[in-house]
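Colleague: Can you read through this structure? Questions will come right after.
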Amino acid sequence: MFMFRNCAVLLVIGSICCFIYGLFRLHVEVEPNACRMTYMFGEPMFAKVGVRDGDQYPNYALYYYYEGLRQPLDPLKRRMTGAPVIFVPGNAGSYKQVRSLASVALRKAMSNDAGIHLDYYTIDYDEELSALYGGYLHRQQSYLKLCIRTILSIYEGRTEQPSIVLIGHSMGGKLAQSVLVDPAIGQHINTIISISTPLDQPVLNLDTQLEEFYDQTDAVLSKLRTATVPTMTTNVCDSLHQRPPSVQRMASQDSSARLDNVLLISTGGGNRDLLVRPGLTSSRFNDLHAMTSAIPKVSLSCDHLSAVWCLQFMQAINRFLFSVAYVREDRSSIAFGTNKQRNLQTALSTFVKPRRRQQNTVRFGAAGNWHEERRLVINKYFTNGLKGTFFDLIGLQRQERYRKAAIEALNVDDEDWLFGCSAEDNNKTGQLYCEKATSLMHLVQWLPNEDREPRSIALLDLHNLRKTYVHWTHLLVRLPPSAKRIGYNLDIYDPKERVTDIKMPRWYTMAKLPLINETLQGTLHHRVRISEMVDPYQSIRVIVEPLQCINPEYRVTARICVPWAAGFERFQTLKSFDQKPQLYVNVPTLVPRHYNTTLNPVTLELYLDPTCRYRISYEYSYSSALSRLVLEFYGWLPAHLVCVLLIVLRKQVETFYDVGTFRSLRPYVGYLQYTSLYIVTACRLLKKLIISSRVFPEPEPLDYSINVSIVIHCAAIALSLLATLGTWLALTLYGNAFYRLALRITRLSQATSNVMISIMTHLPITYGILTIATAMGTCSGVGLLLAFVFYFLMLSNAYKDYLEDFLWQKAANLVRGKPSAVTEQEDATEEQNEEQNALKQNDEQKQQQQEEEEPEACVGLQNFSFHVTLLLMLFVQLLLNAPSSLAWLRSRRHGINLPDPSLYPSIVVLASLSLLLQLRAPQKCQGYWMLSIAFYILAGVVLLYCQAAIYRLTYVIAGAFALLSAHQSLWILWGRVSRV
């Protein structure tokens, strides 16, 4: 038992250190921001647009964006000819965030020969915290519908009513998606682009209003739109460009859902976005998802705020919008095309860069610089560029085992450079050439290379090419004239030598494992397939160490593909010896149930610099895994903290120390524990029983490793200890400071506050009446704040009084128990000896009387450890109500009444707390074993039902307070009845 206790303590300490290190690495070791700033070329101007029936939303507004015009512009009085786009800001977002998008569109319209231009509108939501308080969302959704109707009325003079594009950032993307639940509005929506939006579930589920908003949107869209759900056989790495089910049904003319004609595009910021993690940015109702690190000509990670001003990303979005817009036949206005399949292909070209299926035939003459290559490895560069077109023919007839070819072109932008053809002899020169050739650019993939020379590569199966095109004899590489360095690389190889299968290392695997001891010179491509990578916190560090390079700078591009997560393709780049030669591989979402990762592994494609030789190894990345664990699961911390407090309270409620002992002074009694870890393991088994029995509600579907729960729970234990010690210091040292702060906030005089504290200390029921009335008159958070302040001051005064009595008692005991000075004088009288003997006899008699009397137990406010735990639970309840309190505070100035989702649980907490103080709880009584069982059950409920749905914790805390007050009340009532 002693060994087990020591191991448990070490486990708690180790988990705490892991959590702190993961938190540190998450915020410190972040890749640099490579976004370029978007600058306005004219003064940004916002013209307010009057919204019909918008008077009921006094704090909202609709604006039209324009630049440079000195005179005010009113879209309602002016003929608008552009294609309408609405920008919807998100959590605490400003309507002015549209500037980057709209300014890029204005510049692009000036250089557009077709005359296409866009009209950008933006909504002012008063920078409301819509991600923290769900009561905002229904109001914002209703106002967005009014804005759409108003904008449609501006363009109602057209022969055809235009369709609108919605661009939403953060929670604005969810609002844009939610308007589709109204078919009357949905039929006017052309495309919705969401930027870093938690689409299918919120980042933190903090109240019932937020959960209801997501559930209602999901339920309606399930009926009106075709959903895409990964199955056991899904593998997007084998078919990256498969069409979504909605488009397939439309193309086959099956009975398609009503809203399948709306194109939904979602984007995620990648590793730099610490507010909305990548796994939340996709939706099962989407047609296309892309990470900014994989978008062509963007190829970087954006944090949550830079996603709305990153120039490369803004250009990509506007490039798509201009591609789907067209000028009407009468050239009177601009509109967005309504052919969804065509728009989707354009979106794929912009955000994914798909393989182009159409193959065009190009004719070449015999004139030109023609060459034939038969080598397996070719590295051909022209440092000073080319004055004319250069042709290289690569024979298809190879040995049987050399069936794969990787061909890379450098500094060839968008021109066709790869073809297949049937070569013939030139009668004049005797050289081979191709009269006509078929483009293979649909097999070419563009690779990000930061600001260096563009890379594009094609991976070809020579056997399939020979079978498909029997008459072909050669591949043709055409390099256009260029003043820059240009060239290409060729690597023909046996695919068995370039594919390596590995398993995800276990977390206890400490060693670095070899992958390739040394690559051959000229190696261009290598594929690594990783099985058993199933959890989003798991991470592998792949070390690509250059052993010898011709040039001081090299280039390695890694492409990571997760087979069950469409649109989460990511690229990473290594480019110099100064950079750490490491890549990180992880997955954005949990693997689907019963998914076989051996048949469909995570794929890591390594595109190497052929002028280098490399040593490649891999290991379990503890630093990356811990940072991802914190990022993915920090939302579980409140539930585990409440679980710890319940287990601590279960122990404290039946533990009574004697008055005057040192233990009674320690409010952290019970927090140095590890027994709450038993609840974590027990809930894993209990969850399976609940699911199989189908009697109780189904627990939250959080099928993660138990290691995650242990680390988060140990972090909660540490947090509870820190909170308790902080409360102890505040009670002891800073009680007066908090008292003065409370006086300044409440603006009460010291005499008045002293009277109120005295009344509430001696008659705590008035404390409950005051706080409950405040909660019902304002909001629950204000009542809880008032209760917390008074409870803290009452506890601080009681602790100071008790500490003062304790010190005086100890001092008196020392004085009484101090032996009289033994005089060494020989002339000491017998009277002094008799007096000393009399004093000793009196002290012995008093000591015997004290031993015979039963020691007094610490009850009421003297049981400080119990009340400190109640104070912390009240503080947790206050924090859970903070978003709704902020919403109430902001809405007061506009006279808006918003729902208070936690009012009733807060009233229960306030009433129970006042009753406990009135009864001087806790009292020594019977029945604490039943209360302990109830607290165990509540702790299990927290871990089964409240880790993701954080708002349910308010009901659990209210239940704990109610059980405590009911137990104390029934015992006192039973005692009085039994006396009668």
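Each Cβ is built from the backbone N, Cα and C atoms, and glycine gets one as well.
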Colleague: In Swiss-Prot, is the topological domain of Arg5 the same as that of Tyr802, meaning both on one side of the membrane?
Modeller: yes
Colleague: Say a student had to find the N-linked glycosylation site annotation in Swiss-Prot: which of Asn427, Asn863 would be the correct pick?
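Modeller: Among Asn427, Asn863, the residue Swiss-Prot annotates as N-linked glycosylation site is Asn427.
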Colleague: Can you tell which of Asn596, Asn707 Swiss-Prot marks as N-linked glycosylation site?
Modeller: Asn596
Colleague: So which of 8-28, 629-649, 710-730, 775-795, 896-916 has the most C-beta pairs under 8 Å when paired with the transmembrane segment (930-950)?
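Modeller: Maximum Cβ contact count belongs to 629-649.
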Colleague: Suppose we draw a 10 Å sphere around the Cβ of Ser170 (active site). How many other Cβ atoms does it contain, all chains included?
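Modeller: A count of 28.
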Colleague: Taking residues 6+ outside the topological domain 'Lumenal' (889-895), which of them lie with a CB under 8 Å of any CB in it?
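Modeller: 58-59, 126, 128.
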Colleague: Same chain, outside the transmembrane segment (955-975) by at least 6, Cβ under 8 Å from its Cβ: which residues?
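Modeller: Distal contacts: 642, 646, 649, 653, 870, 873, 876-877, 904-906, 908-909, 911-913, 915-916, 919, 921-923, 925-928, 930-931, 934-935, 938, 941-942, 946.
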Colleague: What counts of helix, strand and coil residues does DSSP assign across the topological domain 'Lumenal' (889-895)?
Modeller: 6 helix, 0 strand, 1 coil
Colleague: Excluding the flanking five residues on each side, which residues at least 6 beyond the ends of the transmembrane segment (896-916) place their CB within less than 8 Å of a CB in that stretch?
Modeller: 58-59, 133-136, 207-209, 764-765, 767-769, 771-772, 775-776, 779-781, 783-784, 787, 791, 870, 874, 877, 880-881, 884, 887-888, 951, 954-955, 957-959, 961-962, 964-965, 968-969
Colleague: Taking helix as H, G and I and strand as E and B in DSSP, count the residues of the topological domain 'Lumenal' (951-954) in helix, strand and coil.
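Modeller: Looking at the topological domain 'Lumenal' (951-954) with DSSP, the answer is 4 helix, 0 strand, 0 coil.
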